[in-house]
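Trainee: Residues annotated as compositional bias 'Basic and acidic residues' in TrEMBL: 7-23. Here TrEMBL flags 27-40 as compositional bias 'Acidic residues'. For 90-274, the entry in TrEMBL reads domain 'DH'. The domain 'PH' annotation in TrEMBL covers 306-418. The domain 'SH3' annotation in TrEMBL covers 429-490. The annotation region 'Disordered' is assigned in TrEMBL to 1-56.
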Amino acid sequence: LGLLYQEYRDKSTREEIETRRLQDSQTDPEETSPSEETPSEAEPTSTTENKAPPQFNLLRNSNSRFNLWQDLPEVQNSGVLSILQPDEIKLQEAMFELVTSEASYYKSLNLLVSHFMENERLKKILHQSEAHILFSNVLDVMAVSERFLLDLEQRVEENIVISDVCDIVYQHTVNHFSVYITYVSNQTYQERTYKQLLQDKPAFREVISQLELDPKCKGLSFSSFLILPFQRITRLKLLVQNILKKVEEKSDRESTALDAHKELETVVKACNEGVRKMSRTEQMISIQKKLEFKIKSVPIISHSRWLLKQGELQQMNGPKTSRTLRTKKLFREIYLFLFNDLLVICRQIPGDKYQVFDSAPRGLLRVEELEDQGQSLANVFILRLLENADDREASYMLKASSQSEMKRWMISLAPNRRTKFVSFTSRLVDCPQIQCVHPYVAQQPDELSLELADVLNILDKTDDGWIFGERLHDQERGWFPSSMGEEILNPKIRAQNLKECFRVHKSDDSQRRKLGSRNRQ
């Protein structure tokens with residue numbers, strides 16, 4: 001396999017986007033079958049409904065070195081393509097894709113180790129502790145990938161028609177994939193150390209630049225190699241999801257795929273928690289140092305507490321009836337720190353400090369949008385504290401800087417309120433969907449990072465270009481710019497996406513109930 005994993009992944013997700021665009025443009029019911037599946041990495045789609053095996057045209061360029069199962073000479077010469085049903089061929093491609101993508105991933109890991117980590121010049125520049133933080137346990141990760149790949153290849157070689165791969169995924173996830181948690185949990189230290197080395201050590205910067213220019217790297221950056229394990233473990237879960245969508249319902253292969261997916265989901269969640277844990281702790285310590293309590297002090301630092309949103313809003317001065325729109329100081333600045341279980345209301349004071357004058361448990365907050373009353377009261381909402389720091393009810397009239405900022409605050413403060421398109425507890429409503437065509441990295445705690453080809457339900461949107469969405473494959477929610485995606489207009493495709501989402505999670509009833517609730521960062 002000639003492609004590095006970064007190339008492989010980018011090419012495959014873009015093909016997935018194009019395939020979904022084609023499906024979305026087919027408005028004739030005869031053109032889009034309810035059984036049509038969203039492709040995995042590099043998996044083409046056929047819309048023919050006859051018994052002959054579908055003819056795939058995607059990725060046939062011989063220069064791409066991007067192989068399909070049915071393109072293997074052994075498969076073509078065996079005659080199985082004329083025997084297998086189209087759905088089984090699609091399943092074979094999905095399983096083969098998991099194998100070939102692992103081979104590409106192992107190739108990239110090997111390059112990270114041999115080309116960067118074991119470079120003699122780099123070894124002399126880096127202190128042992130710096131090298132350890134930068135490369136972590138990548139040798140363990142590569143050894144696990146090699147063992148995994150060997151078992152997958154052995155299965156493929158057993159029979160031209162692949163029996164299953166999810167049983168192998170399950171065994172390796174349970175017994176070996178904990179190395180991913182160790183590697184990914186180090187990500188915050190890794191990024192910080194890399195930036196510091198680039199800044200403080202010109203020799204390091206020079207060597208890395210030279211190594212990146214080597215044709216082996218194909219123009220890819222050193223940092224793109226460092227992040228490979230996190231990208232892979234996440235993508236592996238999606239590849240198993242894609243197999244799960246194609247296996248026969250209530251079959252042994254479905255049961256195996258569900259087991260593998262459940263274990264992978266556990267590892268991915270542990271990876272995410274590992275990344276968040278350190279950054280959250282540091283952030284909470286930093287916030288605690290900035291707060292001065294005018295009221296009874298509330299301990300901020302807690303292992304079960306993290307920041308959801310912070311920022312400045314305008315508070316209306318005095319009772320609404322005593323003010324006119326001509327009043328110069330109709331509003332004054334306040335600053336909010338919203339945690340997953342607590343709201344702290346402050347005023348900024350000199351020295352980068354904040355004086356706390358009220359607080360309330362997050363579960364005792366209610367919000368209400370103010371009806372449009374002219375420009376001065378645009379983007380204004382009411383925040384009610386059912387029980388504040390003085391054990392009484394309090395109300396604040398708050399003005400945001402834009403419509404999107406107002407909606408983001410309202411949803412963060414009261415997450416169970418109904419959104420524009422669908423309630424948080426119902427999946428019976430056909431709400432808009434969007435697929436990501438540009439990757440996005442979250443800039444704020446209430447935002448959602450997006451990968452190419454992610455599909456999301458649109459729960460709310462603003463006139464100034466922001467969308468509040470829920471990603472289907474993991475139910476994570478957050479805000480992102482609308483320019484990052486394209487709306488899926490075909491209702492049949494939207495319905496199929498939701499159906500697939502339910503099927504993937506049907507093995508866990510509690511997970512199914514959580515499909516409509518917030519899986520918070």
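Quick reminder: no glycine exception, Cβ is built from N, Cα and C everywhere.
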Trainee: Mind checking how the domain 'SH3' (429-490) divides into helix, strand and coil residues in DSSP?
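Mentor: When I sort the residues of the domain 'SH3' (429-490) into the three classes, I find 3 helix, 30 strand, 29 coil.
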Trainee: Please work out the helix, strand and coil residue numbers for the compositional bias 'Basic and acidic residues' (7-23) from the DSSP assignment.
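Mentor: Result for the compositional bias 'Basic and acidic residues' (7-23), in helix, strand, coil order: 17 helix, 0 strand, 0 coil.
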Trainee: Report the DSSP secondary-structure composition of the domain 'PH' (306-418) as helix, strand and coil residue counts.
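Mentor: Secondary-structure composition of the domain 'PH' (306-418): 20 helix, 53 strand, 40 coil.
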Trainee: Over the domain 'DH' (90-274), what does the predicted model average in pLDDT?
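Mentor: The average pLDDT of the model in the domain 'DH' (90-274) works out to 95.
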